[in-house]
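As recorded in Swiss-Prot:
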ACT_SITE  C90  active site, proton acceptor
BINDING   G91, H92, H223, D249, G254, T255  substrate binding site
ACT_SITE  C253  active site, proton donor
Amino acid sequence: MARHSFFCIDGHTCGNPVRLVAGGGPNLQGANMIEKRAHFLAEYDWIRTGLMFEPRGHDMMSGSILYPPTRPDCDVAILFIETSGCLPMCGHGTIGTVTMAIEHGLVTPKIPGVLMLDTPAGVVKAEYRQEGQYVEEVRITNVPAFLYARGLTAECPGLGEVMVDVAYGGNFYAIVEPQEHFRDMADFTAGELIGMSGALRKALNAKYEFVHPEKPEIRGLSHILWTGAPKHAEAHARNAVFYGDKAIDRSPCGTGTSARIAHWAANGKLKVGDDFVHESIIGSLFKGRVEATARVGNVDAIIPSIGGWARMTGYNTIFIDDRDPFAHGFVVV
């Protein structure tokens with residue numbers, strides 16, 4: 001029997017939690033972060049469930065673990081852990097992780113103000129603005145984002161048949177726009193959106209296959225993005241992103257914003273250099289931009305950037321005790 005100890009720095013990015021595991025993470029094998037992610041899931045997923053699920057975490061909990069980079073052009077590697085699994089990329093998690101890692105001296109960048117990040121989804125550039133000891137803003141240049149499919153349909157409890165477009169921004173997103181049975185996310189409570197989202201995601205994954213054109217290890221639709229008219233004067237659009245078993249992102253969602261930018265660009269609503277301000281369900285904003293065009297396999301793509309802020313909320317030494325019947329956490333659905 002053993003008691004495993006993890007030192008965590010807790011914070012949030014624009015309202016959504018980030019738990020940076022600064023001590024106690026396992027050593028991982030693998031030539032790259034995709035292989036290290038696979039090793040973690042095969043042998044150490046109990047750490048993710050123990051730190052993210054109740055009673056040590058909650059439905060919206062999201063986190064990260066830092067590792068030495070697997071490639072010479074990066075400063076640090078990040079493994080993302082969430083209630084929904086080990087995501088290839090997490091935008092809000094990156095902004096929070098960079099903020100807390102720089103403020104606490106966990107990473108020394110080769111170039112001040114810039115961190116090159118080795119993630120399972122690929123290389124992500126993070127530029128940060130520091131004033132004194134605090135990081136005030138982080139802008140990430142994400143992996144290529146693209147429209148994956150148009151006009152997919154599935155049955156959704158409470159709505160009937162729903163049509164979605166699917167875009168990739170580091171994860172696959174089903175984007176629900178206004179249609180016969182859905183006008184605006186504002187017509188529903190967060191609980192109602194959660195109730196519909198799990199069934200819709202399950203139906204779409206059962207009916208269609210979602211595989212990254214260049215990285216077949218990245219597969220499956222993980223998020224539902226409900227859209228709405230903006231309430232904030234600066235925002236171009238509003239969203240509520242469902243992930244995990246019953247979570248709605250409190251931030252505008254970094255990879256979701258990337259997917260939305262790619263969707264708008266594919267529909268001719270954005271071009272290189274255009275800004276896109278995305279509003280969350282609680283009114284916080286991410287400031288996105290189309291940085292460049294790209295290709296992913298045979299698919300047209302864009303390079304998005306996302307700007308946002310994060311704040312630390314405290315330190316947390318967490319024990320996972322083998323004697324605890326809930327050592328590996330639980331979820332109440």
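Each residue, glycine too, has its Cβ placed from N, Cα and C.
Note that this is a predicted model, so its numbers are computed, not measured.
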By Cβ count within 10 Å, point out the most packed of the binding-site residues listed: H92, H223. H92
Using an 8 Å cut-off from the Cβ centroid of G91, H92, H223, D249, G254, T255, can you name the remaining same-chain residues around the substrate site, in sequence order? C90, G93, G169, G170, N171, V241, S251, P252, C253, G256, T257, S258
Across every protein chain in view, the count of C-beta atoms other than its own within 10 A of the C-beta of the residue listed as 'active site, proton acceptor' is 30
Can you check what DSSP calls D249 (substrate binding site), collapsed to helix, strand or coil? coil
G91 (substrate binding site) CB neighbourhood, other CB atoms within 10 A: 33
Validating a neighbour-count step here. Other CB atoms within 10 A of the CB of G254 (substrate binding site): how many? 35
In sequence order, which same-chain residues at least six apart have a C-beta under 8 angstroms from D249 (substrate binding site)? N16, M60, H92, A240, V241, F242, Y243, G256, S280, I281
Do me a favour and check the Cα-Cα span between G91 (substrate binding site) and C253 (active site, proton donor); whole Å is fine. 6
Around the C-beta of T255 (substrate binding site), how many further C-beta atoms are within 10 angstroms, looking at every protein chain? 35
